[in-house]
Amino acid sequence: MAPVAVWAALAVGLELWAAAHALPAQVAFTPYAPEPGSTCRLREYYDQTAQMCCSKCSPGQHAKVFCTKTSDTVCDSCEDSTYTQLWNWVPECLSCGSRCSSDQVETQACTREQNRICTCRPGWYCALSKQEGCRLCAPLRKCRPGFGVARPGTETSDVVCKPCAPGTFSNTTSSTDICRPHQICNVVAIPGNASMDAVCTSTSPTRSMAPGAVHLPQPVSTRSQHTQPTPEPSTAPSTSFLLPMGPSPPAEGSTGDFALPVGLIVGVTALGLLIIGVVNCVIMTQVKKKPLCLQREAKVPHLPADKARGTQGPEQQHLLITAPSSSSSSLESSASALDRRAPTRNQPQAPGVEASGAGEARASTGSSDSSPGGHGTQVNVTCIVNVCSSSDHSSQCSSQASSTMGDTDSSPSESPKDEQVPFSKEECAFRSQLETPETLLGSTEEKPLPLGVPDAGMKPS
């Protein structure tokens, strides 16, 4: 009897264990009413309509039919591009997010159990975020030359730039570069600034000094950390051994620096001297021309009658010099004789008469008792009169009278300088008409002229 009872007890225990561990994956799960003051178990929900505790749907599924008092929830799988990530009792699955844009990268694909996740590409940050991933990306700020990155950008924040401090520089446009320190030089060719590094000159203090072999640390200090210090010490001894030839490059540089101002000064000075020389040559040429003009003007004789008349033509001067050889009394007698002779002659012969009258006035001795016929008394006087006819305009009128004096004391220099001056066609007739006795008398009355030897003897008392 004992073995039978043992087997019966084992069978009952197995049934109880099976009942206690029964799986709730059955399609028709019998809901239950919760006890007062208690809640539904895990992965269950309380339905307000049925007032029963019902089971939830697993991720990737949704509730197709809700539970009742007699039936449990009926679940169904999600469609494509939809998902449910948690235990739920929703009637529809959630839609996956839109595809990633060109500035985004898909880090998680869309499945029935998870949504699609997009993040920003490198160099971009998320300007508008969401629960998972980023909705809108923007490019990171790039710091321009002279500015460095103070705070680098992240997936959700932009870059912060700041100006480079003195002694540092940034010569790039970047969203990651920071300000770097200037290189240290013994001799600075171009000093550095916020956007440019310092430039070191190739001429070192070692070359400028005679005992240059002592300055071995030069290669390390001349270049910054970017240069290679290993080959520099090998070149330093060679530079120190070539010290006698070394000072030539600085001397050439200094000569080139001084050559520009010295050449400029010499060029300006030479140009000034050249201009002064040209001006002096022009002045000397003008000064040499003026005495020649004065000498040419001095050759023309100026008689007292010419000075009284002012500036007259050369023809008028030669016409007026005939008057001083006669006295005032002889001119009066000649004028009276011409007045008596004028009515007897016709008008075309007037120029010839006036010319002859002028010749008589020039050669007359001043006799006051001349005959009515116009024949004057000749006393030791020889008159040569050339009369031009007024009808012949092509001929040149000229008169030349020479008086031969009995007195040998008178020198040829005292006689008037008579020159034969050719006249134009119009002047031959016009001059003869203008030079009437009244004109001759008017010109001679301005200043008394000296009388000749024959005139002095016949001067009326």
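Yeah, the Cβs are placed from backbone N, Cα and C, and that goes for glycine too.
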N-linked glycosylation site, as annotated by Swiss-Prot among Asn171, Asn380, is found at Asn171
Going by Swiss-Prot, the cysteine from Cys75, Cys78, Cys110 that pairs with Cys93 in a disulfide is Cys78
Checking Ser170, Ser221, Ser254, Ser403 against Swiss-Prot, the one recorded as O-linked glycosylation site is Ser221
Per Swiss-Prot, the O-linked glycosylation site among Thr172, Thr222, Thr344 is Thr222
Out of Thr39, Thr111, Thr206, Thr377, Swiss-Prot gives the annotation O-linked glycosylation site to Thr206
Bonded to Cys57 via a disulfide in Swiss-Prot, from among Cys40, Cys75, Cys96, is Cys75
